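Taking it in order: structure first as structure tokens, then the write-up.
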Amino acid sequence: MWRTTVLTLFPEMFPGPLGLSLAGRALVAGLWALDVRDIRCSAADRHRSVDDTPAGGGPGMVLRADVLAKAIDAAEFSPDRPRLLMSPRGRPLTQSQIVELSAGPGPLIVCARFEGVDQRVIEARGLAEVSIGDYVLSGGEIPAMALIDACVRLLPGVMGKAESGADESFSHGLLEYPQYTRPQQFEGRPIPDILLSGDHAKVAAWRRAEAEALTKARRPDLWTAWAGQNPPKSNTDG
């Protein structure tokens, strides 16, 4: 079973949204497991102190290396599990990483707070820093939920159809094509005729063209990478 362990100072935040919809139903069905642990339980003093002032001065507080290391050691049960630290300075999370994580045993995720985490525990416990975007939140809990939700929906049996995630944004390097449903007319805007034609080949070609156009317009970085791997087909005969 895919299992994720979350280390946090606010365990009451979980499962939160992960207890609803696809992830929630899958959790109840036993398709994945969530282990949430309070970092404060690893504090040594009676005040359950987990942070201290930054060496060299500066604002805020820093999560202590000794406390977090103890929490990681107490929670870890497999050396093969990825150890992640949700951090705005981490490498951007991508769909390919999500696919890889969902295919493994499930990660241990550290949710940071304060000004950050003592660098020594990041190095000593091999924490891979992961970011969900170029912005700063109050803590790592919401990013951790986003990562877990993205992984869980790819687990076997979670989505209704195996192909449900096949054409989603990023699955093939492109953003997803526009979607439509009834009514056929909405405020003078019709569903494109091609989608009602019943010609599956033409529908597929339309969707591919729309996905390419959207990606090129909205995510030139993705488009450049995709176009480099998918050069235009030559019309000349060999």
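Please read every residue number as a count from 1 along the shown chain.
Any Cβ shown, glycine's included, is placed from N, Cα and C.
Copied from Swiss-Prot, the annotated features are:
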- Ile132, Gly133, Asp134, Tyr135, Val136, Leu137: S-adenosyl-L-methionine binding site (BINDING)
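All protein chains shown were included, and the count of other CB atoms within 10 Å of the CB of Tyr135 (S-adenosyl-L-methionine binding site) stands at 7.
A 10 Å cutoff on Cβ-Cβ distances gives Gly133 (S-adenosyl-L-methionine binding site) a total of 11 other Cβ atoms nearby, all chains included. Cβ atoms within 8 Å of the centroid of the Cβ atoms of Ile132, Gly133, Asp134, Tyr135, Val136, Leu137 (the S-adenosyl-L-methionine site) belong to the same-chain residues Pro88, Ser131, Pro143, site residues excluded. For the binding-site residues Ile132, Val136, Leu137, counting C-beta atoms within 10 A of each C-beta gives the highest total at Ile132. With a cut-off of 8 Å between CB atoms and residues at least 6 apart in sequence, the same chain places Pro88 near Asp134 (S-adenosyl-L-methionine binding site), listed in sequence order.
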